């Protein structure tokens, strides 16, 4: 076949393709290849025809052969791109990207519009594959080409803006280079916008600031962007809210941070981040109850702030609301999600705080949960403070050997750490080795004198060591007073001070004040509540006694706070208010239906009210529960006498006299 015949055959093949006669085209091409096996056009036409006949493998092979012959010719590359674009196979996407890159190379010095079209396709392909670095680099190249072409500022603005949208999902798991390219795109987009403020520009600024807030190393840029946005949009609270949460996350309450909180609350008094900031300020000023109130209010509005949850849990721990602190730590961990980078530090802090709160709850189940929390702390085994907490958890669970092993290890490896000596002290105290416990707690105090708990336990050690150390003003009571001064929320210390002033110093007034304080701090401390009421009555201060009892009974649910119901019922009985006495004594019996003394008192209340039948039942119930209650048996006989049941009354009196011959009321009866 001559050159002329080859040209004729190729023309025939081209005409056949134009007429969609693809098999005919293949015949002409094969004839050409018999003569010229490296004929570029023939291979391209075979690729095109095979593709149209649904033979993708033959088509791909033909195009690749053509590319092999002429690697810098466009036709085969264009054909291969069309073939891959139509393919449903996912594994061709990598090949398609390579084809697009070659087309960009070929178009770069020629058809700019086609270059832009292919570039858009390549970016879209990378975006589908979540290859964000490639997206960023390719799109930036497109913008560079547009700049060289002399594109208008408005068009460039839209391109930078599009780049930020393409990369917005990349912030979760991106490398540093992608992050820098994204931030560069935002900077250009923000700065290339029209000078007049607009809603679009405002939203773009918000996106930029939100993006910056996800990168801990961009602190200075975040602050600058927030300042710039505030200057442009002085009535918009968003940049201030981001700055406030940024300062909360840093955990440093600088003058600048305080200024942010104040400005935000002036702009919007109901702003969650502003209220949270004010709560942290209260926390640092040791106004823990106010801090809890503010943080709780702020977190209802802005819940996804793990640092704020941590501050709330810490404040709850400070005032010994340990169960609340545990629940708050769980909320903090939920808000944290799957932590990485700086968030990992917050996770470790929250888990440690949760474990400490669980230890203070003091039962075996809570200790087990504390150990589980400690197990989740990264590098926990290398942190001596975390090890000391684990030792306390073992101690509460009764695992003395494990606790002692940790204690010995810490004393050897960290002899200057207060927690090492404190753990040793807790173990000795638990084993009632009070002299050794004293030495350990003194060592702990020497290293960390501002810890109230160490003074509290040294005081308890002296309290139980001997009568001498209990009575010695320089021992137990001195340590309790130091603990109370260091931690004014430590209710149990005030209870022991009450015990000291009542039983040793004989100062009932001061004892009553201590018991009241202890009960105010811990409403579940029945011992202090009861002592405060009894001493108030003894000192003639019925108003105080009643106010304590009223406060407890108002909050009490059914079947709880027996002591308060019983005390108030007896008060009503003494003061001639039998109906109120009946109601309160019934409430006390719901909490403890087997209290014979309570049944006896209820009988007295019914009797005072004139309800003889129910009084009789109550006295009988009391004597059933405790046959030794002679007074209840006597009162039952007296009521039977009132009701005219003389035979029963006589029999009951005789029953009493068999047990107690000289029981005068029964003889009279």
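Note: Cβ is positioned from N, Cα and C throughout, glycine not excepted.
In TrEMBL this protein carries:
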- 40-73: repeat 'TPR' (REPEAT)
- 562-595: repeat 'TPR' (REPEAT)
- 596-629: repeat 'TPR' (REPEAT)
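Broken down with DSSP, the repeat 'TPR' (596-629) shows 28 helix, 0 strand, 6 coil.
Beyond the repeat 'TPR' (596-629), the same-chain residues lying 6 or more positions past its ends with a Cβ under 8 Å from any Cβ of the stretch are 562, 566, 569-570, 572-573, 576, 578-579, 581-582, 585-586, 588-589, 635-636, 639-640, 642-643. Residue counts for the repeat 'TPR' (562-595) by DSSP state, with H, G and I taken as helix and E and B as strand, are 27 helix, 0 strand, 7 coil.
Summed and averaged per residue, pLDDT over the repeat 'TPR' (596-629) gives 90.
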